[in-house]
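In TrEMBL this protein carries:
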- D36, R37, T43, S44, V168, G309, G310, S311, G312, V313, T314: FAD binding site (BINDING)
- Y225, R280, G310: D-dopa binding site (BINDING)
- 5-323: domain 'FAD dependent oxidoreductase' (DOMAIN)
- 1-19: signal peptide (SIGNAL)
Amino acid sequence: MKRVRIAVVGAGVAGFSSAVCIAEALPSCSVTLVADRFSPDTTSDGAAGIVLAAEFPGTNIPLERQKRWFKNSFDHLLAIAVSAHSPDAGVILSSGWQIFKEVPANKKPFWSEFVIGFRIMTDGELRRFPHHKFGHAFTTVRCDCSSYLPWLQNRFRKAGGQVEKRKVNDLQELFNNFDLIVNCSGLGSKSLVGDTHVYPVRGQVLKVEAPWLNHFIRDGDGGTYIYPGIRSVTLGGTRQEGDWRLHVDRAEAEGILERCSRLEPSLRKAKVLGEWVGLRPSRKNPRVEKEVVQVQGHRVPVVHNYGHGGSGVTLAWGTALDVMELVREHLGEKLLQARL
Ligand SMILES: Cc1cc2nc3c(=O)[nH]c(=O)nc-3n(C[C@H](O)[C@H](O)[C@H](O)COP(=O)(O)OP(=O)(O)OC[C@H]3O[C@@H](n4cnc5c(N)ncnc54)[C@H](O)[C@@H]3O)c2cc1C
């Protein structure tokens, strides 16, 4: 029986989520994940990892589709967070507050129906934040990708998947050995598939030791956040569009610490464990779609899954399920033949 050969390019949270979904759902396929950087060296590894969606400004992705991505991801991560896999996978429940200096036009964001116990903050809770007038209280999930990616890689291996560490300079390199390609190369898509719409949004964070903090605090504009995790607390952040700098900026680090300490004064005595910069692979419309590429007279199917910006951890599993369905559609006939 001839197995359908699938290559997934990218070992970040989009790549491993897609690879696991395909390998587990389509056992008649052989799946190989190819990437030049693996954990702990991907953008996903340093993400603050809070599961919290923002609407993509100006996007043409229908709200119903964004809701489905969020709900599917949330339910998947919630199931891990409340299972025995939680510590190995680095996925935990996380409760806290999202606070606003001005009352937002939309007091109830689209994701509020999916997280646990969403409610408007009480006046008593808001008293802690004298510069803020309004807030959301809820429980979500936090996913530390430096644990989650190795955990997904192990799950992928158990489903028969293989990995290859190398740079792909052109998708044509893969067309001889694979029947279908799934492109999860994040910002790499700029050169790999010539996408001029994908751009970096730089983000800088600090990891501090503050084990007394259990609740997350997030300023509604996303500019300042405090996310307690299993081993450390992540403090952020910055959002700089089109900025490719990967080095830590000292003044920005001090600014982050100062802003977070204003929200949570006990952070002034926290020990700094590390600093990190990452580039969010951003796009007006995250690209989760199929395409057929013509190569030397052959029609080769490609499924894209990249450009999730600051919501890649949040949306990875939901978009990976869409990828799996797109792969299924593409391969309809081939899969039937493989089963014969
Ligand atoms: C400071 C910061 C905080 C964040 N906080 C959150 C958060 O709280 N919640 C949230 O949901 N998201 C958050 N994000 C966003 C999240 O990190 C990204 O959306 C997500 O990591 C993107 O994952 P990815 O798999 O698409 O890309 P990446 O993790 O960048 O992976 C891309 C992969 O493609 C491979 N690749 C690229 N080009 C090639 C090539 N030519 N050949 C072979 N391999 C290639 C790379 O080696 C890598 O393995 C944050 C990001 C930053 C920077």
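Positions of Cβ are set from backbone N, Cα and C atoms, glycine also.
Highest local Cβ density among the binding-site residues G310, G312 belongs to G312, counted as other Cβ atoms within 10 Å over all protein chains shown. Within the same chain, residues at least six positions away from R280 (D-dopa binding site) with a Cβ under 8 Å of its Cβ are T43, P200, V201, R202, G203, R239, G309, G310, G312. Neighbours of the D-dopa site: apart from Y225, R280, G310, residues of the same chain with C-beta atoms within 8 angstroms of the site's C-beta centroid are A47, A48, V201, G203, G222, G236, G237, R239, G309, S311. Just so you know, the Cβ of D36 (FAD binding site) picks up 16 other Cβ atoms within 10 Å once every protein chain is counted. It is 36 Å from the Cα atom of V168 (FAD binding site) to that of Y225 (D-dopa binding site). When secondary structure is read from DSSP and collapsed to three states, R280 (D-dopa binding site) falls in the strand class.
Closeness to ligand 1 is met by T43, R280, these being the binding-site residues among T43, Y225, R280 whose Cβ falls under 6 Å from the molecule. Between D36 (FAD binding site) and Y225 (D-dopa binding site), the C-alpha separation comes to 31 Å. Reported as a whole number, the C-alpha separation between Y225 (D-dopa binding site) and T314 (FAD binding site) equals 16 Å. Restricting the average to the domain 'FAD dependent oxidoreductase' (5-323) gives a pLDDT of 95.
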